[in-house]
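Working notes, structure below.
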Amino acid sequence: MFSSAGRALLLLLLLLLDCAADRSTERNYEYTKYHPMPEISAWMQQMVEENPGLVSSEVYGTTYERRDIMFLKIGVDQDGVQKKAIWMDCGIHAREWIAPAFCQWFVKEMLLRYKTDKKVGEMLNNLDFYVTPVLNVDGYMYTWINESTRLWRKSRSSPPESCSCPGVDLNRNFYANWGMIGVSRNCCDNTYCGAKALSEPEARAVTEFVGNRSGEILCYLTIHSAGQLLLMPYGHPQIWAPNYDELMRVGQAAVRAMGSVHGMEYRVGTSPDLLYPNSGSSRDWARLIGIPFSYTFELRDKGQFGHKLPEDQIQPACEEAFEGARVIITYVHDKAFHNRTDIGAAGMAAALWTSMLASCLTTMLLV
Ligand SMILES: *[C@@H]1O[C@H](CO)[C@@H](O)[C@H](O)[C@H]1NC(C)=O
Ligand SMILES: *[C@@H]1O[C@H](CO)[C@@H](O)[C@H](O)[C@H]1NC(C)=O
Ligand SMILES: *[C@@H]1O[C@H](CO)[C@@H](O)[C@H](O)[C@H]1NC(C)=O
Ligand SMILES: [Zn+2]
């Protein structure tokens, strides 16, 4: 049979092949391009087909224009037992194209690391990840029509009788101090909050699904651009989250990790402290119903390109955002499953895993 050196060589070869096989999925789909909705839907289907027992999809709502709202559920099935979960949605604001790109990147990375990275394997055993690549499907499709629609932000619902502009800012439509501050009552404005809380089917879909599982969902991440911020509850300047200090501590570790990847500056805090007060956001709603960790990611950039972030920045933007998300979900996981509340482990690992390649190479060489 083989000598031990021979066996080691063979093992290395097999691991190399395994890594190459893992990378093949990635080659089929261009994660460094923006994709129109039909391509994203086909990609979701592909993820389900290629990962039986690990990835499934579910329609959990219907948009104003009668399109499906779907997530991918990623996690090792534990005989149908209801697992604790992490929520992530992207593309609630139509024009923020880097957000859907990140949701897809996040799914790709988790699946890639599932086999090679013990921590990701553990997290996918213990947790389910519900990832909605595009929440505002109607709005997103509208931004793809032509250059004049590219910067549409809202949903596409019909205006109230007294007004002439379509669409509601979905991130002002949630049942969280709805309509109180940082919103517009004029339907032609970008921050129009709707005729009442949850007037929009997209906001209702999230509210129903997440609300039904508020005991299981430990963490709510909603992805936006731009500004390079990590926003925590609450958007109302007079309300403080009961775990403000912990949210801040974890958030600081996340922005440090994001900064360490490509040297970009990110800041953490509440909306009123960093931006402007606002009410009716999904992040605030999630914290109000008792989900302990709730954050809004505002990805690149700081205004140079804004929502028209060039495609050559998709990869670096997603790499750094992944590290930020990884710090948060690692903390949330370790707190729930190991009763660990130090962020040392999450923070330290971040330094090791800054490059894309590292996910494959370090694991191989350490075996
Ligand atoms: C872009 O599409 C919108 C919506 O269909 C349409 O109203 C507008 O005329 C189009 N503009 C151009 C320049 O094609
Ligand atoms: C949420 O729960 C209600 C009442 O139990 C149920 O009717 C509804 O279908 C659930 N919605 C989702 C999206 O699971
Ligand atoms: C978790 O850790 C804290 C602090 O070390 C301790 O007070 C608490 O009893 C622990 N809880 C459980 C369920 O082990
Ligand atoms: Zn946004």
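Residue numbering: from 1, along the chain as shown.
Heads up, the Cβ atoms here are built off N, Cα and C, so glycines get one too.
Features of the protein shown, as given by TrEMBL:
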SIGNAL    1-21  signal peptide
DOMAIN    33-332  domain 'Peptidase M14'
ACT_SITE  Glu298  active site, proton donor/acceptor
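When other Cβ atoms within 10 Å of the Cβ of Glu298 (active site, proton donor/acceptor) are tallied across all protein chains shown, the result is 21. Taking the domain 'Peptidase M14' (33-332) as a whole, pLDDT averages 97 in the prediction.
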